[in-house]
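Visitor: Quick paste from TrEMBL:
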type	residues	note
REPEAT	53-85	repeat 'ANK'
REPEAT	86-108	repeat 'ANK'
REPEAT	154-186	repeat 'ANK'
REPEAT	189-221	repeat 'ANK'
REPEAT	255-288	repeat 'ANK'
REPEAT	327-359	repeat 'ANK'
DOMAIN	388-448	domain 'FYVE-type'
Amino acid sequence: WSNGPDNCRQTLLHRAVDENNESVACFLIRSGCDINSPRQVGFNGETPDICKTLESPLHLACQWGLERVVSTLIEHHADINKKDAEGNTPLHVAIINQHINIINLLIRAPNLDLSIRNKQNQTSFACSIVSKNNEAANLILKREPNAAEQIDNKGRNFLHIAVQNGDIESVLFLLTVHVNVNNRVQDTNQLTPLHLCVQTGNEIILRNLLLAGANINNVTANRRSALHIASENNRGFICSILIENHIQANLLDSNQNTALHLAVQHGHSDVVRRLLSESDIDVFTLNNKGMNCLHVLAHYSMENAHLIFAALLEFYPKFPLDIQDGQGNSALLSAYKNGHGQLCRALVTAGANLSICNNDLLSIFTMPVASKALLVNILDIIPHEPPWGEGETCLECGVKFTITNRRHHCRHCGRVLCKRCSMNELPIIKFNLPKPVRVCQLCNDVLTFGVMAAR
């Protein structure tokens, strides 16, 4: 040992490698010198940075690209798996420095451990992917075919990470070495590379995954397909690609939702239109709450719900508006409860029944709300005589119908009422009813005073 750079202690081998003197280095190795020790602290206790790196002669030779030295060190059983201060083995160093011949020498060494991770939690294969060193990655895979399936602390393999990062080059490389394109992330969600790709919305990667054999109908742990994920994340163009590649549009998730349920829930109008126009999705499917897509639209009442409703009617002009969900709510009742005036008006204009009661016996007339302004507004814009409601009791006062207390109907809102609650009579010109007909008190006020009846 002698003085080295910055007063550290080094061997003649360190010096020969540093000076790129391969002949002297190989002579020293064959002569039985210390081949594994890194530089040490100085004779007077100096600790320069150069001795903190913990680089062995093999690390240094891999860094400088000294093939003969590397070969001789391997031949004389140097520690090929030794880590430096960053946790890198000589193979990590050779990969980072793109020395392919040295990489080849190291990979042929019989006692090489390819599972060692550095301080960045990277194996040598991971290091080759990060360094875009495809040649090195190929050499590693020839020795260890399962190297590409190693997972990180989030349960992701290299393909999962490359897809999430939108790293097309790495994805294409991994596909060329035939990694399993259907392996799932080892976590609670169980996403495949295809699911991850749909989340990010990368069309090129999506098409390449499909060409490589990705199962388009694979579902996640909560039974969601790629189409569910694309619909939830507003990936309209991705939905079109999936439909074009024959994905099953009517798969149900763990809540019995189709992709259409999710698209309307989140107000993704472009996705809704693509699903309706390009796929065979069943618009009448009920989820586990007894809701079809219209119920979901009204329940969540996103700002553009009325525009999505218009698209639904465009493709299904006779869509049944008065079906009740598991709680007995019609779409109109849910929209009214959520205060979505535009959707309420669109439903009424399309012919929705105003008199439906839910399982709690609440209708839009009895629903507790801060103001009756929306109700009056809805009644004011009824375009034609609505369907008549049915029931065993008066929907205004709650009295039960009998032989002496007969059913009547408000000819304006359609509610079934007793005689006392429908005593007003007015002509309804907009319905082409010129003679006075029975109406309830509220409709009487609306027909007389218009929207001012809300005051």
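A Cβ is built for glycine as well, from the same backbone N, Cα and C atoms used for every other residue.
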Visitor: Mind checking which residues of the chain, 6+ beyond the ends of the repeat 'ANK' (53-85), have their Cβ under 8 Å from one of its Cβ atoms?
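Guide: Sequence-remote neighbours of the repeat 'ANK' (53-85) are 11, 13-14, 17-18, 20, 22, 25-26, 29-30, 35-39, 91, 93-94, 97, 99, 101-102, 105-106, 109, 111-113, 116, 118.
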Visitor: Suppose you look only at the repeat 'ANK' (327-359); what would the mean pLDDT be?
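Guide: A mean pLDDT of 96 is what the predicted model shows over the repeat 'ANK' (327-359).
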Visitor: Do any residues, 6 or more residues outside the repeat 'ANK' (255-288), come within under 8 Å Cβ-to-Cβ of it, and if so which ones?
Guide: 222, 225, 227-228, 230-232, 234-236, 239-240, 243-244, 249, 294, 296-297, 300, 302-305, 307-308, 311-312, 314-316, 319, 325
Visitor: For the repeat 'ANK' (86-108), DSSP counts of helix, strand and coil?
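Guide: In the repeat 'ANK' (86-108), the DSSP-based counts are 15 helix, 0 strand, 8 coil.
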Visitor: For the repeat 'ANK' (255-288), give the DSSP counts of helix residues, strand residues and coil residues.
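Guide: Helix/strand/coil tally for the repeat 'ANK' (255-288): 17 helix, 0 strand, 17 coil.
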Visitor: What does DSSP give as the helix, strand and coil breakdown of the domain 'FYVE-type' (388-448)?
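Guide: Final tally across the stretch: 14 helix, 18 strand, 29 coil.
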Visitor: How many helix, strand and coil residues does the repeat 'ANK' (53-85) contain under DSSP?
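Guide: Going by DSSP assignments, the repeat 'ANK' (53-85) contains 17 helix, 0 strand, 16 coil.
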